[in-house]
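TrEMBL annotations:
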- A:12-36: transmembrane segment (TRANSMEM)
- A:71-282: domain 'ABC transmembrane type-1' (DOMAIN)
- A:75-96: transmembrane segment (TRANSMEM)
- A:103-128: transmembrane segment (TRANSMEM)
- A:154-180: transmembrane segment (TRANSMEM)
- A:213-230: transmembrane segment (TRANSMEM)
- A:264-285: transmembrane segment (TRANSMEM)
- A:294-324: region 'Disordered' (REGION)
Amino acid sequence: MTKTVNQRAWLLVLPVFAVVAFSAVLPLMTVVNYSVQDTFGNNQFFWNGLGWFQELLDPSSQFGERFFDSLWRNLLFSAIILAIEVPLGIVVALSMPREGRSVAFCLVLMALPLLIPWNVVGTIWQVFARTDIGLLGAFLNRLGLDYNYAGNALAAWATIVVMDVWHWTSLVALLCYAGLKSIPDAYYQAARIDGATRWAVFRTIQLPKMRRVLLIAVLLRFMDSFMIYTEPFVLTGGGPGNATTFLSIDLVKLALGQFDLGRAAAMSLVYNLIILAVCWVFYTVMTNADAGARPSTAEGDPADHAASGSLPPATTIELDRRAA
Amino acid sequence: MRGRHVVMTLYLLFLMLPIYWLVNMSLKTNQEINTSMTLWPQAITFDNYIRIFTDPSWYGGYLNSLSYVAINTVLSIGLALPAAYAFSRYSFIGDKHLFFWLLSNRMAPPAVFALPFFNLYSAVGLFDTPWAVALAHCLFNVPLAVWILEGFMSGVPREIDETAAIDGYSFPRFFIRIFMPLIASGIGVAAFFCFMFSWVELLLARTLTSVDAKPIAATMTRTVSAAGMDWGLLAAAGVLTIVPGALVIWFVRNYIAKGFALGRV
């Protein structure tokens, strides 16, 4: 599908542009402003240049060490989450009943954790995992395990990971299920005639069809786990010690707890830039995947490529249908 | 075949067990919670729920949350509809960069924005109103709505646009009378997601309100008192926050799968 060039389309986009600019660009300007200044209270600000950034990116300084600690912690967390949730989500999607009323039943139950406010998710797991009143905590202690998420770093990590798996695996599963639903029956019939094994069907039919939705799933899961705040905050408050202090928790502590505006602002900007970079990589991969088998110019500069070659997601539907 | 059922049953059990425990707790007295570990309430009590429904500071929290969620959903969809149409039908200078920029806002961590939002909305006099939270949530909901709607709109052949133009429909009339009904399920899905992400978010909602517009999620922290945690009341409040989500899911259950793929399968 070719799109008509029409500069007046900007008028249609303008309201969105204005609102998002109001709630994204203006605050970011404040952050930039804070990040280059120092304050001693009384709303008096002094120019500090790039001082905060130098301190932030220098692992030998106290502040830098703290930042890199929570950064690695957060990356580790995201990696664990993706390693568990993506395969588990695929398995669950493959286990969905084919038809009948049980489909709607399973879907509703699966989607339920996604619509629970995040602090309530924390509360649910707090109530569930406490050793004095929680089913899980009491059960593990009865088994003779020394489990206490408030005192033991490993237990805290395990609880947060299980909580996140509980919370978000359904998203991956629902996305994959939608991908699977789009596979025409004829594919499976052809596979049966060819005598394909279950594994071969998965590798050659189901997995390629899920590639697109899996990309969306990985992107959403990475981003959301990289900015996780409320659930661990309610459950462990970042503790014990700093064991579960992820980037957002650290940032909020710094900005709203200690009102250390300069450092917090510098950290915000670096944090945001990391997100932006990762987002850009995913976006490029995604639009390239959309373009499908089109001869790719991926060898060139990615920015160059995206500007000149890649299609916006709009066109994918056409391509996908043709492929099907 | 057996294996599938076993996996599904185990998974659903894993999902439901913590929720069951919360419901279980909400029907117990604090005395029972603190002194014994019972798998179901020995003496069912609805006191916790009655307290929430009779105390304005409690049920007010729910009304506050629902009002900013509603404002945000209407606002996001209203703004996103024309923009999504532009992205799906036209190419214009900077469209790809704009689209990426919008999406990148969906990914921006709310923690970064908490403090500047506080300053911004205090400065424009919206602090502690549902509007502040609704506008702040637009940061991630508008881009998401544009993204979802664009996917659905691109599935509508553009011959329809052209035919309508030939038939003498003006653009607004065409858009409302013909185009919007065609993507009704997409609008439903986008509204669902706006509801969802606005309803579950706490950090910004808590930062931008103090008394009058306090969301239920922030009210829940009140259960911590000098006398210790009021677990029963906390659990009851938690159960009640699950209800609106469960209702919404029930209404969209037939579109969930397609919806979660954002119309792009």
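Glycine is treated like the rest: Cβ placed from N, Cα and C.
Away from its own ends, the transmembrane segment (A:213-230) comes close to residues 74-75, 77-78, 81-82, 85-86, 89-90, 118-119, 121-122, 164, 168, 171-172, 175-176, 178-179, 246-249, 252, 275, 278-279, 282, 285-286, 289 of its chain (Cβ-Cβ under 8 Å, at least six residues beyond either end).
In terms of C-beta pairs under 8 Å, the stretch of A:103-128, A:154-180, A:264-285 lying closest in packing to the transmembrane segment (A:12-36) is A:264-285. Cβ atoms under 8 Å from those of the transmembrane segment (A:75-96) belong to residues 103, 106, 110, 160-161, 164-165, 168-177, 179-180, 202, 206, 210, 214, 217-218, 221-222, 225-226, 228, 246 of the same chain, restricted to positions at least 6 beyond its ends. Panel annotation: around the transmembrane segment (A:103-128), residues 92, 96-97, 134-137, 159, 162-163, 166-168, 170-171, 173-174, 177, 229-235 of the same chain, lying at least six beyond its termini, place a Cβ under 8 Å from a Cβ of the stretch.
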